[in-house]
Amino acid sequence: MIFFLLEGEREIITEICGSIIESNEKDIFKTLDKAVDLDVNYIELRLDVIENITSKKATSIIEKIRNVTDIPIILTNRTKYEGGYFPSTEEDRIKILMDNASLVEYTDIELSTNENLRQEVIDNANRTIISYHNFEKTPSSEYLENVVNSALNVGDIAKIAVKPLNIEDTYVLLRLLMEYDDLIGISMDKLGSYTRILGPILGSPVTYTAITDESAPGQFDVKTTRDILKKLKNY
């Protein structure tokens, strides 16, 4: 059982983020309309899946989104190494983020990014999510604590998403959420899917949800997430 981790009553303060993962503008705005209807708190715009993405194209899309809604944006341009699809060079990937970071509320940049390139993005961003993804395993608590500390030393929020190989791995993630504020923690796949609900109870500031198709293994859709959180504590 996992509920030994819960100590007293905890207020659920998490925000629901709907991920937009579409390859073309037509589908981006179809999904955006759904996100608006679902009243998400944030939208994550995944630049790495957009065909022929450039800085100029990213700027245009962001400006068009602003004409539709004032929902805060989390801008992501995920590297292939951490589960993304950006097809070009690391310098191009960073330039697109750097050129557009000031236009959005949050910019997601991987902790593994070259330190100088990462800092260029941070310097241009309003606020940052420093992320770490491991699709092979859940590292030790000590290792992940170092990851979180490193991320929070340079950014506003830390995000870790790891693959559990057994149920005990999911407890590692939950314990981290108990220890840290400003940590988004996700244990992936069906085995870890329950952490997407317990995470908000333990203080995770954002929970990522699917507007249409899931963007990560084990991810719930917006309606399911909100319904469960409401039942748990009048969310």
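From the backbone N, Cα and C atoms, a Cβ is placed for every residue, glycine too.
Feature annotations, reproduced from Swiss-Prot:
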type	residues	note
ACT_SITE	His133	active site, proton donor/acceptor
ACT_SITE	Lys159	active site, schiff-base intermediate with substrate
BINDING	Glu44, Leu45, Arg46, Arg78, Arg196, Ser215, Gln219	3-dehydroquinate binding site
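The recorded positions Arg46, Arg78, Lys159, Arg196 differ in how many other CB atoms lie within 10 Å of their CB, and the one with the most is Lys159.
Calculated from their C-alpha atoms, the gap between Glu44 (3-dehydroquinate binding site) and Lys159 (active site, schiff-base intermediate with substrate) amounts to 14 Å.
Neighbours of Leu45 (3-dehydroquinate binding site), defined as other CB atoms within 10 A of its CB across all chains, total 25. Cα spacing between Arg78 (3-dehydroquinate binding site) and His133 (active site, proton donor/acceptor): 10 Å, rounded to the nearest whole number. Set side by side, the binding-site residues Glu44, Gln219 differ in how many other CB atoms lie within 10 angstroms of their CB, and the most is found at Glu44.
Using the residue listed as 'active site, schiff-base intermediate with substrate' as the reference Cα, a 10 A cut-off selects His133 from the recorded positions Arg46, His133, Arg196, Gln219. Between the alpha carbons (Cα) of Arg46 (3-dehydroquinate binding site) and the residue listed as 'active site, proton donor/acceptor' lies a span of roughly 15 Å. Using a 10 Å radius centred on the Cβ of the residue listed as 'active site, proton donor/acceptor' and all shown protein chains, the other Cβ atoms total 22. With respect to their backbone Cα atoms, His133 (active site, proton donor/acceptor) and Leu45 (3-dehydroquinate binding site) stand 18 Å from each other. According to its DSSP assignment, Arg78 (3-dehydroquinate binding site) is coil.
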